[in-house]
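Copied from TrEMBL, the annotated features are:
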| type | residues | note |
| --- | --- | --- |
| DOMAIN | 1-83 | domain 'Ig-like' |
| DOMAIN | 90-169 | domain 'Ig-like' |
| DOMAIN | 180-267 | domain 'Ig-like' |
| DOMAIN | 270-373 | domain 'Ig-like' |
| DOMAIN | 380-474 | domain 'Fibronectin type-III' |
| TRANSMEM | 490-515 | transmembrane segment |
| REGION | 576-605 | region 'Disordered' |
Amino acid sequence: NVEAGQVVKITCKTSSSVPASIVTWHTRAHLLGDPSVKHSPGLYGGTITESKVKVRPEAEDNGLVVVCEAENGLGVTVSTNITLNVLHGPVWLFTPSGMLNVLEGGDLTITAEAMANPGPVTYTWQRGTVTLVGKEEEAGSGQLRLRRVGRHMAGTYTVTASSSRGSVNASFIVDVQYGAENITAPKRVLVDQNDTATVLCSASGNPTPNVTWSRDSDDTSVVLSWGVGEAYLQVEWSTPSDTGIYYCRASNLVSSPPSVATAIVVTQAPTSASSLLEEEEVAGRSWAVVGGNGLLDCRVKASPRPTFEWIAEDGPITDNNRKYDIHVPQLMDSVAEWSSVLEIRSVTAGDFTSYTCVATNPLGSYTLNYTLSPPTHPGTPLSLNVTAVSDTTVEVRWSDFTVGPRPAGYTIRYRTTTGQRHYELVDIPGTNITSLVIEELKPGAEYSFSIQSYNEQGRVYHTSPPVVVIMSEAEDDVVVVEERPKGISFIVFLLIAVTGGVLIVLNIIGVLCFLRRRSYFQEFAASSCKSSAYEVPSPSQVDNLSLSSSDDIPPPDYEQVMGSCRVGSFGGGSLQDLSLPSGSRGTPSLARSSPVVTSSSTISN
């Protein structure tokens, strides 16, 4: 046993030898140098060699084998081994270091492992000064398991490994990552013309999100400015065209939440909300029935907020009578579009006239004209389209009118262009319907379609010219009908069919039997020619023959069956080729030079 870091002197002493032994030291990895050597006289005139080496083992040298070898040039080497048992406190084999990233809401398992001699090693875990409960594994490592990690669990952690000979610790950081959030930007920013508007947008998140400004609501627009964690939008030399909605976006590797909108409003005199209108033109028409209420909506763009004045033919309208009600102006788009509504109560025929709206702010004024009219028939539908869906079905689609009262419904009329004088009419009540499917038309026919709208005041003309559609030809299905002979009942017809089928099966069986029998006879004839040309005496008969003289005892008869045949060698002798006339008998003799034929001999074709 040796303490880690302690210098140890190891001695190796040889027996007496002639010549003196040379001692070397080594481990598995390398040689150990600078040993001290001492020689002393030994038995029989030999020399004893004593070698000493110093080592300073560390914890990782525990179990190291040091080898001492001695040899004196006579071809014999002797050695001895020394195993170091290094005593030491815990030493880290593996520990988390640096920063561990984990998504918010996820799980994290942290492992640390140390060795000590003697063991065992125990582990303690801390977050800051708070002690946490870990777990020792059978393999000797320690684990800390964090479930559903939250932001409050981020910070510096410490793991301590302890044994009977001391302790060591290691620190690391757990970084809990979460998406961009808390995107902050002003909802509305006012700036004078020719001045600079500066708008700050900031966001938080881990990692710190990238922040960008753009003009449009989608991600395809040009980035006006960007930054990490925050971004400044600057609009220099502001003009009314810079008025609008600007969008701030924040995103990181975890998420990209919806953008935040900021309205930048450049001060400006009132102008029409519609870019197609000039000042004092008729900005709109409104319809009302006698006895009902009429509404006129005046809209302008202005900043700062404008005031509105309504003027009828007989002079300015005040808001303190029962006839008129001027609604409180409203900001319609959260930017600079303002609306003032004039409500005319209990409409009479004299109220169907022109009205003037004047919007004013410190930078100027703007005038718009409106007209209140009695109700009329609705506008004509636009963009009538007819599509053939099949050879008997079409789909009719149309767009609503551009101006005029709302319709109460529509009527579609259609007919073939040849051979039909009267129209088919389809009534479609409702105001939000813009399509219809018409079925049961004639395949291959040519149809014309038109549409009209209607309300309580009447109907407009059908659209002209009509839309013409040619239906496709129908595809005739080919049906194959098998007729049975007339005058024969179904049962008789079935019996005849079954009988005919049985006869066909019997014929097939007969043909197969004939072919099988013929094949059998052909194989039999072939095998007879090949294997039964001659009879050969059995081994027992041959054993009883005397070989002293072939003339004393005649050999057994050989009977020719058919033709001539060659018999191969057997045992040590052979049967010569024999060829006898058909139908004759003979007694061929065995050759004298043949050895004794035993009963184990075989004959092969």
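Glycine is no exception: its Cβ is also placed from the backbone N, Cα and C atoms.
Source: prediction; values computed, not measured.
Summarising model confidence by region, the domain 'Ig-like' (180-267) averages a pLDDT of 92. The domain 'Ig-like' (1-83): residue composition by secondary structure is 6 helix, 45 strand, 32 coil, according to DSSP. Across the domain 'Fibronectin type-III' (380-474), DSSP assigns 0 helix, 47 strand, 48 coil. Helix first, then strand, then coil: DSSP counts for the domain 'Ig-like' (180-267) stand at 3 helix, 51 strand, 34 coil.
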